[in-house]
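A short write-up of the structure that comes next.
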Amino acid sequence: MAYSDKVIDHYNNPRNVGTLDKSKASVGTGLVGAPECGDVMRLQIEVDENQVITDAKFKTFGCGSAIASSSLATEWLKGKTVDEALAIDNMAIVEELALPPVKIHCSVLAEDAIKSAINDYRVKNGLPALEIAKSHH
Amino acid sequence: MLTLPIYLDNNATTPLDPRVLDAMMPYLTNMFGNAASRNHAFGWQAEEAVDYAREQIASLINCSPKEIIFTSGATEADNLAIKGVFEMYASKGNHIITATTEHKAVLDTCKHIEKLGGKVTYLPVNEEGLIDLQQLEEAITDKTILIALMFANNEVGVIQPVREISKIAKKHGVLFFTDGTQAVGKIPVDVEADSIDLMAFSAHKMYGPKGVGALYVRRKNPRVKVTAQMDGGGHERGMRSGTLNVPGIVGLGKAAELAKQDMEADTARISAMRDRLEKELTTIEESYVNGSREHRLPHVSNISFKYVEGEGLMMGVKDLAVSSGSACTSASLEPSYVLKALGLSDDLAHSSLRFGLSRFTTDEEIDFAINHVKEAVSKLRELSPLWEMFKEGIDLNSIEWAEH
């Protein structure tokens, strides 16, 4: 299977790899996927008092498309408000990276990771967890 | 000079040996006759070439040239053996014994047999990939007509105890068929000493051309017959109709001759390179060799690099052509059924790479492969949340993963 140039670029030069301090109240962590399925994404966001995402980091166990999807997600998250981040749709990732149909689940996982990180942040800060409506599984 | 990418996927297919191509060339050009044309020189030439190839192959596996039935490859030979025996021996019984780690050409044929009303026992294997001989013997019933077990496995290279298997088959009057695709031409295979009744093999796994293989069918002690699965001109003693692929057969013959001539020297060189590759790659933390290391083909190594995913890893080793047991590489979403049959967890199966060396592999290529894999594993572990958790001492089994 041939990868798009953008997937290869993110794979070769992944953006925002790393770990934020998950004990901080301003940090939300999303850990999605499962080792048995061959994909695990951990996505973290740091949110300031204005609900703006000031930093985002990821680590991913998975194929090139999974790595690229999470790398791209961190790029998009930085500078967005939490509400704007919630609106990120997996199909936008599919489009940007030109993922083939068999790799759409990688984008779904990235979207889940974003929502899961936001929920973690919300719960930590006394807000109710949001229902994650979209499930492609 | 190192030419990239480096081909280390020789269990999938091997390059054509130039000496084989030289032998084939006349039959692809001027000597184009049909081996079944009995009335002119073109036909005689072709028939002579086919007969010679039969002798070259017979000499490699120690059988009579008359016992070789040419096919389009090992898949067809697997089908012909299993379906052909099932039909021919229907009055004796309808039970076949095989194993869960067989190639799909055998497993899917057995599934077909089940649809036709046959009974199939799928033996499990141990963590080394070997079947249990006692279990095999206990599975035999008075309806058993065939034991179908591969000589060597395509994914991990494990070699089954063929002589012990055939002893059990003989004792119970059951035919023994082996898929020899990965073994013939690589390790000594002797249908007499190994007491094999039927054996499938293929040219392109031993530096021959694609699209040609053979089924060995024993003619004496016992005389074995299979019902043809293709109707037509009654070629190949009525067992396989169809105009013979003369250039392909000449190529298979030459490949067999070279295999016999070079096997000892090739094996010594290739296994030394394989061992060095494996020794170096297993210095990587949390790497595991899959399958028996003792009973194994000399040119294969299957290694899992825990906490990195196989397809991601293959993308990282883009200058190497290898295979992975990861689901993402195939149409199905399940990781390798062979590795799972060996008891590997899904995550380890996802993390595996198969290296297959050939007589054309060089030390320089192995050096390159070692460094390339080490760098890729290290890079991907930096990216892996599982590696980070492992390093922090977190038990990954204690986490509730969301299955998807």
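Cβ coordinates come from backbone N, Cα and C, glycine included.
Checking the candidates B:ASN39, B:ASN94, B:ASN154, B:ASN221 against TrEMBL: the one annotated together with B:ALA74, B:THR75, B:GLN182, B:SER202, B:ALA203, B:HIS204, B:THR243 at the pyridoxal 5'-phosphate site is B:ASN154. Averaged across the domain 'Aminotransferase class V' (B:6-367), the predicted model reaches a pLDDT of 96. The DSSP secondary structure for B:HIS204 (pyridoxal 5'-phosphate binding site) is coil. A coil conformation is recorded for B:GLN182 (pyridoxal 5'-phosphate binding site) in the three-state DSSP classification, outside any helix or strand. Of the listed binding-site residues, namely B:THR75, B:ASN154, B:GLN182, B:SER202, B:THR243, the sparsest CB environment within 10 A is found at B:THR243. Contacts of B:HIS204 (pyridoxal 5'-phosphate binding site) defined by a Cβ separation under 8 A and a same-chain sequence distance of 6+ are given as B:THR13, B:THR14, B:GLY73, B:LYS210, B:GLY211, B:VAL212, in order along the sequence.
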